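Novice: Have a look at the structure that comes next, please.
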Amino acid sequence: MEGRSPFTELPIEPRGLLWHEDFITPEHEQQLISIFQHELEWPDRPGRLSLHYGYSFDYKTFGIDPDIPYKEFPAWLQPLIPTTEARPPEQVCLQYYPPGAGIPPHVDAHMAYDQLYALSLGAPAMMQFRKGERQIEVDLTPCSMMQLTGEARLHWTHGIRKRKTDTLADGTVRPRADRWSITYRWVRDGDCECGNVELCDVAQRRNGVEKEKRSLKQSIAKSTDEDPAP
Ligand SMILES: O=C(O)CCC(=O)C(=O)O
Ligand SMILES: [Fe+2]
């Protein structure tokens, strides 16, 4: 890409949170929301819903599902693909969050994926980043694109609480409303070497703790009747 990247790093912990505030215009956002609401077929169940494009995510291995054929990016998705990477992402996931829905704290699998971006549409929601005792809230504002790199990508979990309101830093209680996000993932070349046994599935496999973690993730998925976090 020519010129400077429109992403700037947020001056907060976790380090490595890159932000593009107006990745799309509010008019474009409204057109997309209309497509999401009227033209797409969503699973018929409550809670957070996901639709996958490109290669599908395998919730058993937390990698690419080899049994599901590649799904071309639809026309509406093409202009939303970040151009700041050397190639388009292998996996794109559109998620719908009805008011009150969330996503459990997680790191996106290190083994399968490298670069990770997320575009927010519709109502804002607070995302919690956590590392040990530290918790930082980041407001996911509509039309903004976030890129998780470095510490934020590898060593802090992120999640969105299941709740009907978010309390802002100034004490304002903000009701949740319909939100959509698009997450983009690039398949990793070579192994992740971060060595974080707490959060990295590669380090866990090397230390023989992968299986337990996986079955825990699956039982969480069953108990909430939602797709587990990647
Ligand atoms: O909804 C979002 O903005 C992020 C979702 C997320 O963390 C994920 O799909 O891995
Ligand atoms: Fe995530």
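Quick reminder: no glycine exception, Cβ is built from N, Cα and C everywhere.
When I checked TrEMBL for this same protein, it listed these features:
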{"type": "DOMAIN", "residues": "88-188", "note": "domain 'Fe2OG dioxygenase'"}
{"type": "REGION", "residues": "208-230", "note": "region 'Disordered'"}
Novice: I'm checking region-level scores; what's the whole-number mean pLDDT for the domain 'Fe2OG dioxygenase' (88-188)?
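Specialist: Mean per-residue confidence for the domain 'Fe2OG dioxygenase' (88-188): 97 out of 100.
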Novice: Under DSSP, the domain 'Fe2OG dioxygenase' (88-188) has how many residues in helix, strand and coil?
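Specialist: The counts are 5 helix, 58 strand, 38 coil.
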